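Peer 1: I am attaching a structure below and will ask some questions about it afterwards.
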Amino acid sequence: MSESVLSLTRLYKRFGALQATHDVSLDLQPGEIHALIGPNGAGKSTLIGQIAGSLRPDEGSVHLAGKEITALNVSQRARLGLGRSFQISSLAEPLSVMRNVMIGVQALQGHSFRFWTPVSRDESLQAPAREALERMRLGHRAWTPVSELSHGERRQVEVACALALKPRVLLLDEPMAGLGPEGTAQLTELLEALKQEVPILLIEHDMEAVFRLADRISVLVAGSIIAQGDSATIRRDPHVREAYLGD
Amino acid sequence: MDKLKTGIIAPPGLPAMPARWFDRKGLVQIGLLALLLLAPLAAYLLGHIYYINLASRITVIAMAAVGLNLAIGYGGMVSFGHAAYFGLGGYVAGISAYHAFDFTPFMSWPVAIPGSDSMLVIWLAAILLCGLLALAIGAISLRTTGVYFIMITLAFAQMMYYFANSWPSYGGEDGLPIYLRNTLPLVDTNQPLVFFLICFAGLLLSMAITSRLMKSRFGAALTMARLNDTRLATAGISPYPIRLMAFVISAMITGLAGALYADLNGFISPTMLSWHFSGELMVIVILGGVGRLYGPLAGAILFVMMETLLGGLTEYWKLFLGLMLLCVVLFAKHGVMGWLAGRERNE
């Protein structure tokens, strides 16, 4: 457990009468994809909020690379190496793909209070951004406004933005949402190639992708994790079948 | 790859080309500057001093709007209280001149601060004080967003207004005259054309600073804070200090314009601090084109010309201004600059 990159320890979060997170513990090991699945309303978003820093847990702790980050906010966690993508695209639409990715590189370099040098000629910003885009096979779209991209391309840009942070952990919130079979297959392939470098906590609805990609799966139902294991175990688990897979 | 290098296809990975001076946008921009520069020169040759001062008025108000545009247009912070900085800049010029004229100190304890009739000193003081005021107001106001931000900036500016109104030492609601225009080394600021050129230089400088700033890393962060602050925070940059810094710079520019305005009129009064002026600045920014570098200039030309021409014909000129604003908001969202120069391209 000590070597896990990201670990949640006994998280609780309550909204009024609703116990949105109930005693959730999970961890992410180097080189793995850990998938978090669960039906709608299971508390996935609440849990993501607590990992990313937009929500504080009532109890429990979050550690990133051995460091406690429970009290840190979104941008502090990002600076410590937590890269995330959003379920609903959170890109700045009028700007080019490059500009969206470059902001991450800029954050990584930590020099946002520079007022004079134009970014448009700053290779130290552009080269890493281009590299992140190439990894997502979007190099040819670098200077296209995000508003002109297809849905699938936007999902890839989201991941590229997270990659630009050179994160220790990727937190991907339904990256396949709204993608066709082709887009899903492509993204699955890209993520598979990525996991050796950056472990991924994947929140996903697409079961096929999850079973193909995930080394381990945690199933969240009504705020609690009811099962954890590799895909074969999860497929066989009677509670999971009942609660989620619908047989 | 060869095709790319020979330029048959635009190489990927290159940003969109910046505006050239000879394209539509470039011509409109140069045209506006030329108009503003040549009109008072012509007036000077023809001996119409009134028109030189009118051009100075346009220039100074445009500069104040350049400041506000940085907050509203580039930073997405709809400040309804920029009169506070405009007025503070004006009061710095007025109060300093008053003490210099009287040979009385502004303060003798704990540190002795004499008055000064040097514009350089006054500008520096105006910029610093406006920056400090904006730091305090911004630090509180930027914790809110939307309508609350508008209202809280308005409230702070109105506090300044009522304070100036009821502070008798410097004229209270009657205001304070500046008997002798403040001075600059080597030039005679009393010459209307010289004073116009000083204002013009100030306007150019403030626009150059805005332009350069928005191309920098700071500008990239500010743009992202306006468009999508979640993205910015997720990247690891806190939006709050970025916004606050932009707010402070914005106030400094508007404050410097206020100091020039005081010298232009030879008079300061609480009117400079009133919400009417905050509103007028907003109207100018919107008329000209929100977030456009030359928008404040286009807006100020239009506003002051309407005020002068229509105001000469009818007392109700603001009715026409209102109609025009309505048309801009409904039909030409990108303002005069959007209409003249086309939509702004983003890279």
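For all residues, glycine too, the Cβ spot is worked out from N, Cα and C.
TrEMBL feature annotations, pasted as is:
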- B:27-52: transmembrane segment (TRANSMEM)
- B:58-76: transmembrane segment (TRANSMEM)
- B:83-101: transmembrane segment (TRANSMEM)
- B:121-140: transmembrane segment (TRANSMEM)
- B:147-164: transmembrane segment (TRANSMEM)
- B:193-214: transmembrane segment (TRANSMEM)
- B:240-261: transmembrane segment (TRANSMEM)
- B:281-304: transmembrane segment (TRANSMEM)
- B:316-341: transmembrane segment (TRANSMEM)
Peer 1: Can at least 3 Cβ pairs under 8 A be found between the transmembrane segment (B:27-52) and the transmembrane segment (B:121-140), with each pair 6 or more apart in sequence?
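Peer 2: No, since the transmembrane segment (B:27-52) and the transmembrane segment (B:121-140) share fewer than 3 Cβ pairs closer than 8 Å, they do not count as touching.
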Peer 1: Same chain only, please: residues at least 6 beyond the ends of the transmembrane segment (B:193-214) with a C-beta under 8 Å from a C-beta of the stretch. Say none if there are none.
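Peer 2: For the transmembrane segment (B:193-214), the far contacts come to 33, 36-37, 40-41, 44, 52-53, 55-56, 59-60, 62-63, 66-67, 69-70, 74, 119, 181, 184, 187, 222-223, 249, 253, 256-257, 260, 263-264, 293-294, 297.
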Peer 1: How about long-range neighbours of the transmembrane segment (B:147-164): same chain, 6 or more residues beyond its ends, C-beta under 8 Å?
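Peer 2: Apart from its flanks, the transmembrane segment (B:147-164) reaches 77-84, 87-88, 91, 137, 140-141, 170, 172, 270, 273-275, 278.
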Peer 1: Can you name the far-off residues of the same chain, 6+ from the ends of the transmembrane segment (B:240-261), with a Cβ under 8 Å from a Cβ of it?
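Peer 2: Residues 60-61, 63-64, 66-68, 70-71, 74-75, 77, 79, 82, 84-93, 119, 122-123, 126-127, 129-131, 133-135, 137-139, 141-142, 198-199, 202, 206, 209-210, 213, 218, 221-222, 225, 232, 272, 281 contact the transmembrane segment (B:240-261) from elsewhere in the chain.
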Peer 1: Give the nonlocal contacts of the transmembrane segment (B:58-76) in its own chain as ranges (CB under 8 Å, at least six residues past its ends).
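Peer 2: Here the qualifying positions are 36, 82, 85-86, 196, 199-200, 202-203, 206-207, 210, 213-214, 219, 222-223, 225-227, 243, 246-247, 249-258, 260-261, 264, 280-282, 284-285, 288, 290-292, 295-297, 299-301, 303-305.
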